[in-house]
Amino acid sequence: MNAHTGTVRGKERYRSGVMEYKRMGYWEPDYTPKDTDVIALFRVTPQEGVDPIEASAAVAGESSTATWTVVWTDRLTAAEKYRAKCHRVDPVPGTPGSYFAYIAYDLDLFEPGSIANLSASIIGNVFGFKPLKALRLEDMRFPVAYVKTFQGPATGIVVERERLDKFGRPLLGATVKPKLGLSGRNYGRVVYEALKGGLDFTKDDENINSQPFMHWRDRFLYCIEAVNRAQAASGEVKGTYLNITAGTMEDMYERAEFAKELGSCIVMIDLVIGYTAIQSMAKWARRNDMILHLHRAGHSTYTRQKSHGVSFRVIAKWMRLAGVDHIHAGTVVGKLEGDPNTTRGYYDVCREDFNPTKLEHGLFFDQSWASLNKMMPVASGGIHAGQMHQLLDLLGEDVVLQFGGGTIGHPMGIAAGAIANRVALEAMILARNEGRDYVHEGPEILAKAAQTCTPLKSALEVWKDVTFNYQSTDTPDFVPTALETV
């Protein structure tokens, strides 16, 4: 027995019966993670009376090689190598009864290039473990050797901007509203008006697929006609995210191929199709020179609560590995969940070549992306022209700002809504480039631009009092310096 950790060694471990996880080698406080280890950070909330170290060791065991009792077949494997090792447990600041558990996994435990296999190990079974009241996967670190087994984003931010010939500003988009019920012809009219008015993209919503009121093929035809007409009228490259999400991969490939035949530069999928389907469509997009947009439909069912589930920063990392080009990552100021610092962390994951540890953004590890392309984050949900200075300041320029209701809900019409957003953006970019303090002068800059733009003036008046000031449920908890081990 190891006197320091209480770990049972050698033949003693293989007595029949049940043994504590921390005595089976899943708790190794002296272990130093290797550069080639995958590291996961869990927020562990044990049941009353359960030792936090035992609970954390159980997470390590149940997400790697352990089961509920000693098994003799462990002696047929390199058990010391393949056991996940919980090497650090810290109390979560300000949250009594919860602990951050750092767990290292040998790289050989994972199939190269497979998010499905990775997630099956890390979150596949352990979240239902009875000794745990709650469990959340907060962050992960992937070694370069593992990152290089994935293709990464099919197109990337740089190539996307080159294809669109649009630089130095955020891209503008809008989700077609109402999301359900429009005929194909009327849907196409919305797309045309929005693009002609100055937007770069329009977008299908997550649940518009192929329903009785509008077959997918009709939608594709009318939308691409609208894109072509808007391009001819504006002289700019335009696009619309055609949602190819369907019930089978065969149907999705059929829709993607038809979108390509029509000349679309981008297709869209939903997160709910699953990790394998996402990777399959990312490979198709790369082979066919298409931009791949991912709507994070369904994510809040497991990302929103702080105590249980999977943090969206982990989903963002998985999706960058998987190969999507766009991902919805929050707005901070809109109607959807988004703590400012936490959201900045998501954007860091999307857009940086190397993520340094940044605890205030919820990033617990250094992460190299090994030359994988960058993802374009998308801000969507409850934003409008009057927030343009805040959006530019908080989110930067490599982002798609999607004003759905803020375009289609404009009192003067869809084209006027698009004009208002484009003029507001151009005014703010000009002010930034001139070196002005556009963050504090934002309302003044917008008011001046509105003097010569009636649609913007109307937008500022209609939505001047619209705010979504609610307390975020997912704020970063972090340990500024290493605390004493529990």
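The backbone N, Cα and C atoms fix where each Cβ goes, glycine too.
Listed in Swiss-Prot for this protein:
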type	residues	note
ACT_SITE	K177	active site, proton acceptor
ACT_SITE	H295	active site, proton acceptor
BINDING	N125, T175, K179, R296, H328, S380	substrate binding site
BINDING	K203, D205, E206	Mg(2+) binding site
MOD_RES	K203	N6-carboxylysine
SITE	K335	site 'Transition state stabilizer'
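The two recorded residues, R296 (substrate binding site) and E206 (Mg(2+) binding site), show a Cα separation of 8 Å. Residue density at K177 (active site, proton acceptor): 15 other Cβ atoms are found within 10 A of its Cβ, drawing on all protein chains shown. Listed in sequence order, the residues of the same chain lying 6 or more apart from D205 (Mg(2+) binding site) and placing their CB within less than 8 Å of its CB are T175, V176, K177, K179, L180, N243, H295.
Cβ neighbour counts within 10 Å, taken over all protein chains shown, single out K203 as the most crowded of the binding-site residues K203, R296, H328. Sequence-ordered, the extra residues of this chain that approach the Mg(2+) site, with Cβ no more than 8 Å from the Cβ center of K203, D205, E206, are T175, V176, K179, D204, N207, I208, Y241, N243, M268, H295, A297.
The full span of the recorded substrate binding residues, N125, T175, K179, R296, H328, S380, taken as their largest Cα to Cα distance, is 37 Å. T175 (substrate binding site) falls within a strand segment according to DSSP.
If you take the Cα of K203 (Mg(2+) binding site) and the Cα of N125 (substrate binding site), they are about 36 angstrom apart, rounded to a whole number. Every protein chain considered, the tally of other Cβ atoms within 10 Å of the Cβ of K179 (substrate binding site) stands at 14.
In this structure, of the binding-site residues N125, T175, S380, the smallest number of CB atoms within 10 A of the CB marks N125. The C-beta environment of E206 (Mg(2+) binding site), restricted to residues of the same chain at least 6 apart in sequence and closer than 8 Å, consists of K179, N243, T245, D270, V272, H295, A297. Residue environment of H295 (active site, proton acceptor) contains 26 other Cβ atoms, counted within 10 Å of its Cβ in all protein chains.
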